[in-house]
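Novice: Please see the structure below; I have some questions.
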């Protein structure tokens, strides 16, 4: 920061006054922190800030020509402090906490403030735009499945080679979110969201313009589509974790999951309509237009929410994370600060976390994450196998056209959307009841809050509905029942997918600050298993029939039934172990900062929750 000689003289005079010597202990409370208080209840920091604000007012009244920030007051004085301190009168009334524009911290600081500075209306808009962005990943997986025969003829190749583009998409859909999700946890949600949508938009343009003599280019464009679109679910889930408390996380994540669950059902419908009416290229031009309609408003107005950068949303983000309007305001603020002789560096509030692209893979080493995500991925693969083979069964058994097949997917999307939204609401109710029982949430009362029991209580209903409806649908088609029967059962199949919301919320509860990495881990496992079922379900149906195929898949899912009971019993133990290790490393960090030797009993630093 600029330090003119006149300012130094004024500061030294101000420090010699008794009113300002009381700032020294207060300022010591305001230090950079790598940890974030999710509830904003850091009372010591608030008290220190209030003392600083009172000291600033006193100093300004005595030295009106001096402009300075909290950072300048905290510098050690060149003049020795007096050895005696006059008795002070009663402290003035606390000045209301206004902002932290000159405090370098990543804490959410005001006691009594809400978890997020965003209003309810702003939260809903943020979640809606996040859901619209996240829908591109699942919708692109099978949007051109109805056009596969047309594509095979257009590219003069086999159906198997066109199906290979779907498999490649699923592979990169599983891998790339691990990198993008960790980038969102480090650099911020907004720039990563915009970058992913931009890559997706350009890849859709390339696919729409792909010459039919270049099969390799079609494959490359599908890889780029997966690279850009697949991470949007992980980044969007991180946004929900940033703005929502645990007791309200269910309703927002339920709305967000509308895109991820409706997308697989909506894709074949749109693909069938466009392929049947305008040709296969129109599918990708539609995605270009849809993506642009989401990307442009997001560039203009989508705010940064990463709590390590903006706290509860009230702290100014780094320049690269600003919306255009916020960027203009920041430049104006920096110009005014330079005119006052101050440095604009004080607006850089936080230090970015380290970018760890392997974070998603490390999370899989946590036993509760590995067990629950693998178990839920079995049911996800079961559901996706049905979505994949459903169109083929309708065509062979009922001679349905592309448009009729697409319409038959609508009930699944409707059921999945309703289930995800309702599941989130019900989970919030269960969480609030448990919070009222123990007098706090799972972070403040970790030993008495029954997190696993609260989050898992609705799972049996979802999974029972899913298994019964999938087997019933497969047998009804094999028995050539009226087409209305599988259509109605497809609605219940969608209702059974509410377990995706439950598992995602549980993972975020375990590692709140790593919402992107958590979702990327779940995405990695479920897409890997989904790719296996997609590539084998047709062969199994041909050998065993649709009915026995899904009896087999249901049996594989039921074989994992002990897993949630293991997490129910051992989950609190694993969480306590992670908490103790984190506290031990925190104490060791304080020892190192104090110049004391590192404790030999402490294990080497590693990533912990």
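Residue numbering: from 1, along the chain as shown.
Positions of Cβ are set from backbone N, Cα and C atoms, glycine also.
Reproduced below are the annotations present in TrEMBL:
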REGION    1-95  region 'Disordered'
COMPBIAS  10-23  compositional bias 'Basic and acidic residues'
COMPBIAS  42-61  compositional bias 'Basic and acidic residues'
COMPBIAS  71-88  compositional bias 'Low complexity'
TRANSMEM  124-147  transmembrane segment
DOMAIN    126-572  domain 'Major facilitator superfamily (MFS) profile'
TRANSMEM  162-180  transmembrane segment
TRANSMEM  192-217  transmembrane segment
TRANSMEM  223-243  transmembrane segment
TRANSMEM  255-277  transmembrane segment
TRANSMEM  283-302  transmembrane segment
TRANSMEM  361-383  transmembrane segment
TRANSMEM  403-427  transmembrane segment
TRANSMEM  458-477  transmembrane segment
TRANSMEM  483-508  transmembrane segment
TRANSMEM  520-539  transmembrane segment
TRANSMEM  545-571  transmembrane segment
REGION    579-609  region 'Disordered'
COMPBIAS  580-593  compositional bias 'Basic and acidic residues'
Novice: Check for me, if you would, whether the transmembrane segment (361-383) reaches the transmembrane segment (483-508) - at least 3 Cβ pairs under 8 Å, residues 6 or more apart in sequence.
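Specialist: Yes, the stretches contact each other.
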Novice: By Cβ distance under 8 Å, which residues at least 6 away from the ends of the transmembrane segment (255-277) in the same chain are close to it?
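Specialist: Residues 124, 127-128, 130-147, 150, 233, 236-237, 240, 283, 286, 384, 387, 391, 401-403, 405-407, 409-410, 412-414, 416-417, 419-421, 424, 494, 497, 500-501, 504.
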Novice: Relative to the transmembrane segment (162-180), which of 403-427, 483-508, 520-539 accounts for the most Cβ pairs at distances under 8 Å?
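Specialist: Ranked by Cβ pairs under 8 Å, first place goes to 520-539.
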Novice: Over the span of the domain 'Major facilitator superfamily (MFS) profile' (126-572), how high is the average pLDDT in this prediction?
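Specialist: So the average pLDDT across the domain 'Major facilitator superfamily (MFS) profile' (126-572) works out to 86.
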